[in-house]
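**Student:** Quick one: the structure is below, and I'll ask about it shortly.
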Amino acid sequence: MREMSASNFALGRQQPQKHYGITSSISLAFPREIDYIYTQKLIEAMKPFGVFEEEEELNHRLVVLGKLNSLVKEWIAEISENKNLPPSVIASVGGKIFTFGSYRLGVHTKGADIDALCVAPRHVERVDFFQSFFEKLKQHEEIKDLRAVEDAFVPVIKFKFDGIEIDLLFARLALQSIPDNLDLRGDSHLRNLDIRCIRSLNGCRVTDEILYLVPNKENFRLTLRAIKLWAKRRGIYSNMLGFLGGVSWAMLVARTCQLYPNAVAATLVHKFFLVFSKWEWPNPVLLKQPEESNLNLPVWDPRVNPSDRYHLMPIITPAYPQQNSTYNVSTSTRTIMSEEFKNGLSITDEILQGKAEWSKLFEPPAFFQKYKHYIVLTASASTEENHLEWIGLVESKIRVLVGNLERNEYITLAHVNPQSFPGSKESHNENDFVSMWFIGIIFKKVENAESVNIDLTYDIQAFTDTVYRQANNINMLKDGMKIEATHVKKKQLHQYLPPEVLQKKKKSIAEINRASDGGGSKRLSLDGNPLDSSRDTDSGTPFSSPTPASNPPKPANTENNITPNKTVPASNSNTSNKASTSLFMDGLPAIDVSPKPEQGMCIPVIGSKPALIPAGSTIPTVVGRNVIPRLSPNSQPPHQLPNGVANVTINGSAPKRPHSPSLEESPKRLKDTEKLMFSDDCAFKEPFTSASDGQDQVDGQVRERLSGVKPMPIPTIDTSRSQRLSSKELPDASSPLPTSNLRVVKNSIRLTLNR
């Protein structure tokens, strides 16, 4: 591994200062000697987790990519000859392999796969890639485990090349030849391309743009390695389950680097937690001002697209067409991540004060001690092949279940553990392959009642129906594929999990990822998110377990450890010794983090509060069909802003059902009866004057230089993720459930909570 020294970091001193991001920096301070020392300690703390590859492994990857690039050029020449192109054209037709994701960013870990893109000239078609090139790969002796997924949202060929896993996408450009020095960052390359090629190019274009927009690539990479390791250890690294994936974490770190352009990794990790523990979601994180390319491609813009106003934690990709990489985030997952940001700030405060070591930052959470109630979700199949397919689909829909639970009036938070566990053979057929996921539940405290009866049957049944329906629609459903959900209390977990899991043993990331990866075989995400360019593919890399450097974390308070999106006064946090702080954010006024009671986010939405959804109704929302929750007749009139748009203080909780409706009640769709009117430029306007004096700014110094009237924040409707599921994620409610003789398990889950 290449060691980082003070001389490497000091290179930034000689570079001319450049303005990065859509705001001026918070601090231009150069690192002190102690910062280099803390950075070196951070590197040493990460080494036991296997996040750095040896030189030999790095060189092996380069050799494999070189061989693959040669194969592509050879194949394109053969295709050109078969299509009777003249020899002079064939000689220069070219073709190239581009990489993206964690490998391209330079933050891949030991054993991680490589995300790659095959770029071909205009006469090479996608069908050629999935037929003749697939056959060429099949004949290569170093290529194993070859499979094509042609009908995926982003079509891909997956294989192992001399032991290295590769996910290979395809895009053909409107060019006669593909030169070796081709730069994909130019928007003109997107002209006249089909949507699958644009999606395939998106990963490379986003990755390259991120690298271009950071002040110091080495500092960015080391900081991102630390944040990704922290996110995996804390169980919040999963785009599929509603947390953040690789590209989203990369953009958050890149934004931190823009705000502190001269800082080294130890400082940047601390500033990362400082910035995002104070961030006023759902205001978006932007690395650059969105640009128009006149290509008429759909882009993220809540002024134009009502569905974008539902996004709870928008992080916007910098390359055209700009998209939100975090549209899977739900109320619960945002709450959990917000708490983790605050916890990370508290720990890094201690580390930089010399009161703790970096190893404390990477301690895993005590998930199975944290909650009193859990939902155990079990997916089983009769063969290993069917099981891998089945759990891939089930896992991609777990966020639908979380959304259903969030809308139950008695549930405050639903926390899914990204790790899956092998199921017990006792309660299943001995030959079945079984996986389990655990969802921690916090129930609302009901006052003035000795006990309350809660029925979760509808929430679970709506989820299982969704999974079975989609499996049936894509012809995946086979005999023996089952889903079951059970409510258990903390004291009953020993019936499902071995003692070493429940005893808060610090498992290595290798064990965690092997379990969540279905025993080592990679599962294909069936929801096909084209925005998370890394597609979480480096989450299954083997990590060696470090020697614990400190005591295991104490069990957290069960019911009060996480509270949905409540404002935490600075005086109650570990930063209480600091003065009131204001941070400049993307498109935001200065964020005042001094103690203020009941300070929330003022977001223009319909109505003064989320309307209760009538019993029996669901809100299926198809992308492109603008669905806004309808106001109930008895709702209070909203407080009107000057432009006539209702102003609501968002509390981060999803609209609740007054009770769990019966299964016989048919789902109803809400019509697009309401529209929001916004000014043309309110979404991306900077409401403050950029600092140009270049003076260093220290946390604790108030920095408020607002210019004129504050523009309206991003128009966002803060509601649960499942109210805006696209048709590809949640099939239409009218789709029939399987009518074959396959067993569909329907459990009734009712429980009584005592005071």
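Placed from the backbone N, Cα and C atoms, the Cβ positions cover glycine too.
Keep in mind that TrEMBL annotations are predicted by a computer and have not been checked by a curator.
Straight from TrEMBL, here's the annotation block:
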{"type": "COMPBIAS", "residues": "539-548", "note": "compositional bias 'Polar residues'"}
{"type": "COMPBIAS", "residues": "557-569", "note": "compositional bias 'Polar residues'"}
{"type": "COMPBIAS", "residues": "570-581", "note": "compositional bias 'Low complexity'"}
{"type": "DOMAIN", "residues": "21-214", "note": "domain 'Poly(A) polymerase nucleotidyltransferase'"}
{"type": "DOMAIN", "residues": "219-363", "note": "domain 'Poly(A) polymerase central'"}
{"type": "DOMAIN", "residues": "367-432", "note": "domain 'Poly(A) polymerase RNA-binding'"}
{"type": "REGION", "residues": "513-581", "note": "region 'Disordered'"}
{"type": "REGION", "residues": "631-669", "note": "region 'Disordered'"}
{"type": "REGION", "residues": "704-739", "note": "region 'Disordered'"}
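Surface or core, plus neighbours and distances: that's what I need for these features.
**Tutor:** This prediction places the mean pLDDT of the domain 'Poly(A) polymerase central' (219-363) at 95.
Here the domain 'Poly(A) polymerase RNA-binding' (367-432) has, by DSSP, the following mix of helix, strand and coil residues: 27 helix, 18 strand, 21 coil.
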**Student:** Tally of helix, strand and coil residues over the domain 'Poly(A) polymerase central' (219-363) according to DSSP?
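**Tutor:** Helix/strand/coil tally for the domain 'Poly(A) polymerase central' (219-363): 74 helix, 7 strand, 64 coil.
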